[in-house]
Amino acid sequence: MVEPLRDIIARHGLQATKALGQNFILDRHLLARIAAIPGPLDGANAYEVGPGPGGLTRAILEAGASLVVVERDRRCIPALAELEEEFSGHLKVISGDALEVDEQAQVGRGAHIIANLPYNVGTALLLRWLGGEWRPWWASLTLMFQREVAERIVARAGSNHYGRLSVAAQWRSTPRIAMAVHRSAFVPPPKVASAVVHIVPADEPEGVDPVVLERLTAAAFGQRRKMLRSSLKAMPGALDALEALGIDPERRAETVDVDEYVALARYLTANA
Ligand code: SAM
């Protein structure tokens with residue numbers, strides 16, 4: 001029988017530390033359901049950030065993947081080394097900060113990223129994975145977030161949650177909320193509810209410079225209550241772009257849908 005995670009935590013002295021965003025999931029059925037979200041993993045490559053005591057790590061390995069993990073808390077390394085031995089040749093443990101790892105060199109292309117992310121670095125990592133060269137090196141993202149962040153990722157124009165993160169996640173990817181997770185699933189329970197988001201890369205719209213799109217949404221949502229005429233005033237060419245595309249400058253950022261932001265960014269890219 002597989003040793004209960006509670007015992008592994010006790011044996012290695014892995015009491016959760018708030019500074020490292022540690023909220024562990026101990027329920028192996030729940031962990032197996034999370035590992036199943038990307039689809040069959042048999043023979044696939046996977047990458048996990050923040051394995052902690054290794055619950056999700058084991059679930060991914062049991063699903064048949066070869067896995068690279070990066071964990072910042074050195075206390076967890078001996079517990080992960082036991083898994084490395086048990087799943088010999090299928091698990092590589094990196095002791096370090098996920099924000100500093102050269103992922104492509106360590107993990108290779110086509111990996112499924114699966115993580116119960118530390119909340120303090122979750123959005124930074126997501127933006128890194130959504131940015132850069134397209135198609136990306138990863139095949140899918142299956143990530144735990146605070147429910148409110150998950151809602152921002154999938155929000156549509158007109159919703160209170162809609163913003164820069166929604167556009168960044170949706171302009172060349174398809175995100176969905178795959179699972180709601182109650183606070184009580186974690187030890188210790190966080191203050192707020194969580195949700196797992198699943199994201200697969202889509203085709204990149206042609207002729208759009210990602211940096212221009214990012215600047216555009218930063219300007220628009222930076223003053224989300226103001227009309228576009230005012231929030232985009234300082235961005236060269238933006239008011240011309242609104243006119244050329246027939247977008248009413250009296251609208252506000254949250255009413256402009258992802259396709260409209262893409263069209264504006266394409267116009268600005270072409271007329272830079
Ligand atoms: N995967 C485990 C689970 O599901 O129970 C633990 C999840 S816990 C929310 C987040 C984990 O990320 C912790 O083990 C923490 O030590 C680790 N961590 C925090 N910051 C990190 C960083 N910058 N790089 C790598 N791991 C980090």
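Just so you know, glycine gets a Cβ as well, placed from its N, Cα and C.
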Per TrEMBL: S-adenosyl-L-methionine is bound by ASN23, ILE25, GLY50, ASP97, ASN116, and from GLU71, GLU148, GLU151, GLU204 the site also lists GLU71
Listed in sequence order, the residues of the same chain lying six or more positions from GLY50 (S-adenosyl-L-methionine binding site) whose CB sits under 8 Å from its CB are GLY21, VAL70, GLU71, ARG72, ALA98, ALA115, ASN116, LEU117, PRO118
Record-annotated S-adenosyl-L-methionine contacts ASN23, ILE25, GLY50, GLU71, ASP97, ASN116; largest Cα to Cα distance in whole Å is 21
Note: among binding-site residues GLU71, ASP97, least Cβ-dense neighbourhood at 10 Å is ASP97
Model confidence for the domain 'Ribosomal RNA adenine methylase transferase N-terminal' (30-203), as mean pLDDT, reads 97
